[in-house]
Amino acid sequence: MTDKLIIFDTTLRDGEQSPGASMTRDEKLRIARQLERLRVDVIEAGFAASSNGDFESVQAIARAVKDSTVCSLARANDRDIARAAEALKEANRARIHTFIATSALHMEKKLRMTPEQVLEQARQAVRFARNLVEDIEFSPEDGYRSDPDFLCRVIETVIAEGATTINVPDTVGYAIPELYGNFIKNLRERIPNSDKAIWSVHCHNDLGMAVANSLAGVKIGGARQVECTINGLGERAGNCSLEEVVMAVKTRRDYFGLDVGIDTQHIVAASRMVSQTTGFVVQPNKAVVGANAFAHASGIHQDGVLKARDTYEIMRAEDVGWSANKIVLGKLSGRNAFKQRLQELGVQLESEGEINVAFAKFKELADRKSEIFDEDILALVSDESVTSEKEQFGFVSLAQHSETGERPEATIVFTVDGKEVRSSAEGNGPVDASMKAIEAHVRSGAEMVLYSVNAISGSTESQGEVTVRLQSAGRVVNGVGADPDIVVASAKAYLSALNKLQSKAERVAAQG
C-alpha cells in the first residue's frame, strides 16, 4: 500500500506576498474554491491576525470550503493564535499554523531572544493552540539554517505539546536537494517522538531549486507534506510550484511510490485563474502550465508525436486540463451553455445575479469578437464589476481622439463610490491620455512601476490583457483589465489597481 503525499497550498498566504500580488477577499474566495475543486488537502487561507481584511478572507474561506482543511498562519503568541482560531471557527476542518524563527541569525537580529526563550515560546504557543483546535502545524522559521541540536530540542518539545505537523522551511532558498533531504532525514532519526507528527517541507526558489528540494525532502527525508503555490507564486523568486511537484510525483510514481489526491484536470484552470487575478503572466516555457509545455516545433519531434505520443510526451496535455478544442462559445450561445462552461473552467460565482452580470458582459464581448476562448471567459469573470464586492472605482466608457502629428486626447467616464464622473486629458499616446484623465480626477499620486500587455488568444481580434502595477506609500498592487480595445483594457487595469490600492490602504489602517 502506497503512502499519500499531502498537498498544502499557500497561494493565498505566501503567494500573495509577491510584490503586487495583493488579492481582494472575493478574489481569494474564488481561488479557494478552485483549490478545493483541485482537491488540495490543505488551503492556507491567510494570516488572520495581520489585518481585518485578512481575517475576513480567512473567515469567508472557512465558511465556504467544505472538503479541504482550511489553515491560518499565526505567530507564536496568544493573540495571533486566538485570532486564527476565531477566523477558522466555522471551518469543517481547521488548522492553525504557528511559527517562530530558530536560526541563530534570526533569533539574535530579528527576535532579540535567547534560544531558551524561543524554545519556551514555541512550547507555550503550541500548547495554547492545541486547546483551540486539534490540527496544529509548527514551523521553525529559517529551519534549514538553524543549529540541528537546537532544532531537535524545539521540534521534540512542540510534538510533545501536540503539534501534528512539523514543517521545516528553507526560508531563503539556500538549500541543495541532497543536503536538504538528508537534513530532514537526520532530524526525523534523531528526534524520539518524530513518528507522532507528519513531516512537511516548504522551499523557496531563490536558487531555482524549490521543486527539487521539496522532492528530495520527500524521497530522502521522508516528508509526507509539500507546501507549494499555483504557478510557484511567492515573494522574491517564488515558492515550490504545485503543478510541477504534483506532476513529478504522479509521472514518476515508479520512483516516489506515493499517491496524490489532486484532480490534475483542474490544474490549468487554477493556473489561469491565479495568473489573471494577480497579473503575473505565466511564462510560455513554464513546465506543465506554460503555453509551450506541450508544443513541439522540431520536425523530428512532431513526426514522432504524430506516430506515437509517448515518443516525446511523458504526460498527456488533457490530464492537466489543456483542451484541444479551445473555441468554446459564440454570440449565439445561451446562458445555460455559458454557465456550464464556467463550471467546466472551475469558476463558481457567488450568486445568480453575478452570473447574469457575467453573461451580459459575455454577450457584449461576443458582439465584438467572433470567437470566444476559455481565456476570454476567465478574463471576463476576473473583472471586479462582475463580483458583488464593493469597488470604489468602476469603468463606464471611454472616448479617444488621435491623429498623426497631434497629441491624443481621451475622455473617460467612470464611477467613484457609485457616482459617475467625466474627465479628459491629453497624453503622449491614447493609453497615456486615458490614465492621465483618470488621475486628473482621482489624484492618487501613485507611481506606475509596470505596464504590460498580453494577447489572451492568438488572433488579431484577441482581447488584450493589461497589467498595471502601482506603488504608493510603500504599498505595491497589480491591476488587470481585458478588452479587445487596448486603451479600454488599460483604463480598466488602472482603475482595478486603484481599487486594490485603496483596499490595501484600508487594511493597513485597520491593522495600525
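Every residue gets a Cβ built from N, Cα and C, even glycine.
The Mn(2+) site in Swiss-Prot is built from Asp14, His202, His204 plus one of Asn52, Asn77, Asn239, namely Asn239.
In this structure, the binding-site residues His202, His204 were compared by how many other Cβ atoms lie within 10 Å of their Cβ, and the smallest count belongs to His204. Listed in sequence order, the residues Thr10, Pro169, Thr171, Cys203, Asn205, Ala210, Glu227, Cys228, Thr229, Gly234, Gly238, Cys240 complete the 8 Å Cβ shell around the Mn(2+) site centroid, once Asp14, His202, His204, Asn239 themselves are left out.
A simple way to gauge crowding: the CB of Asn239 (Mn(2+) binding site) has 30 other CB atoms within 10 angstroms, across all the protein chains here. Within the same chain, residues at least 6 positions away in sequence whose Cβ sits under 8 Å from that of Asp14 (Mn(2+) binding site) are Glu44, Glu227, Thr229, Gly234, Glu235, Asn239. For the region 'Regulatory domain' (394-512), residue counts in helix, strand and coil come to 39 helix, 51 strand, 29 coil, using DSSP.
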